[in-house]
Amino acid sequence: MEIRYTPKELTKLPRTVEYKNKSVYMINQRLLPKEFKVEKFSKVEEVAEAIKNMTVRGAPAIGAAAGFGLALYAETSKAKTKEEFLDGFEKAYEILKNTRPTAVNLFWALNRIKKLVEEHSEDPLDEIKRLIVQEAYKIADEDVEANLRMGHYGAEVLPEGNILTHCNAGSLATVHLGTVGSVVRVMHKDGSLKLLWLDETRPVLQGARLSAWEYSYDGLNVKLIADNAAAFVMQQGFVDAIIVGADRIVANGDFANKIGTYMLAVLAREHGIPFFAVAPLSSIDMELKSGKDIPIEERSPEEVLTCGGCRIAPDVPVYNPAFDVTPHKYLTGIITDRGVVWPPFKRNLKKLFEVNKSGGDEAV
């Protein structure tokens, strides 16, 4: 696989999450598409609340945000001793960990930095602080590199034509470029993307508010549909492939993604349409054996009872799962930053991690 484009050649958008001058800066995605605003967060608690209330969302983006939250703690802590600093670090870690339960990148990023701190606990305090900040930057930069690789891998296997996607797995869901976002941007540059169908993605409308905004901003040919129009669009032969993100992929290939993904997978099988998930290795949780083990976040009833701040339903009971789990049998392949994984997923995901540990680069 050859990297043909740089991030700047693929998108005009800035990074979704950044850290500078002892503050975390994030695009406020709750305001889009009405207003584009980068907000400053100067406390760990503020970063945690931004993750919880979906000011920042998307598994890789919240992982990077959490990492920068620990960097923020490291640079603003008033602890006078190493013991006091490490106690405060543990509290900051717990605050950030307890924000959202489904996306594995959050825990991956936090645990990566925590492990580093444990390994260097005998180092001078200033060195521990420096290592925390350095690692947070590495996590963010590696995400951009991974997305760039996934974009080029995905463009090699997806058919030319019309692609349908769900929710927002674009640049806004990551540090930059996106998982799905990188794939469709590379296809757009190559000329192989004819049309990008976007599900509106109720109840928070990430497809309508975020994907439609960011992809049209970068000049892609997009068309928005209601979620319940997807089956008809497939039936009419208007979709050549479906590509979605993944907040957590487990050892057998089952994966959690935005609510409504499972429905699309079943429809894709019925209509003979290739169905791909795109995610970096950091979104793959080999500790969980099947999708039944993935914790599913439930969110506020107000997300369903209201739309754009306006009440659209009476005050009735609501069930509002934020994610669903798609069984691996519906997957054509998993596009990762180390190549494309094909069935059988249980065997080939295991092989992917073995190859990656040995320094290899190609999936199977």
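Counting starts with 1 at the first residue shown.
Every residue, even glycine, has its Cβ placed from backbone N, Cα and C.
Under the heading substrate binding site, Swiss-Prot lists Arg57, Gly58, Ala59, Arg100, Gln206, Asn257, Lys258. The Cβ of Lys258 (substrate binding site) lies under 8 Å from the Cβ of His166, Cys167, Thr201, Gln206, Val244, Gly245, Asp247, Ala322, Phe323, Asp324, each of which sits 6+ residues away along the same chain.
Just so you know, the Cβ of Cys167 (site 'Transition state stabilizer') picks up 28 other Cβ atoms within 10 Å once every protein chain is counted. The site 'Transition state stabilizer' annotation in Swiss-Prot covers Cys167.
Under the heading active site, proton donor, Swiss-Prot lists Asp247, citing sequence analysis as support. In the three-state DSSP scheme, Asp247 (active site, proton donor) falls into the coil class.
Taking a C-beta cut-off of under 8 angstroms and a sequence separation of 6 or more, Asn257 (substrate binding site) has the following same-chain neighbours: His166, Cys167, Val244, Gly245, Ala246, Asp247, Ala277, Phe323, Asp324, Thr326.
Non-local contacts of Ala59 (substrate binding site) by the CB criterion (under 8 A, 6+ apart in sequence, same chain) comprise Ala103, Val104, Asn105, Leu106, Ala173, Gly245, Ala246, Asp247, Arg248, Ala279, Ser283. Taking the Cβ of Gly58 (substrate binding site) as reference, residues of its chain lying under 8 Å away and at least six apart in sequence are, in sequence order, Thr16, Ala103, Asn168, Ala169, Leu172, Ala173, Thr174, Gly245. Note: Arg100 (substrate binding site) has non-local neighbours Ile51, Lys52, Ile62, Leu106, Glu297, i.e. same-chain residues 6+ apart with C-beta under 8 A of its own C-beta.
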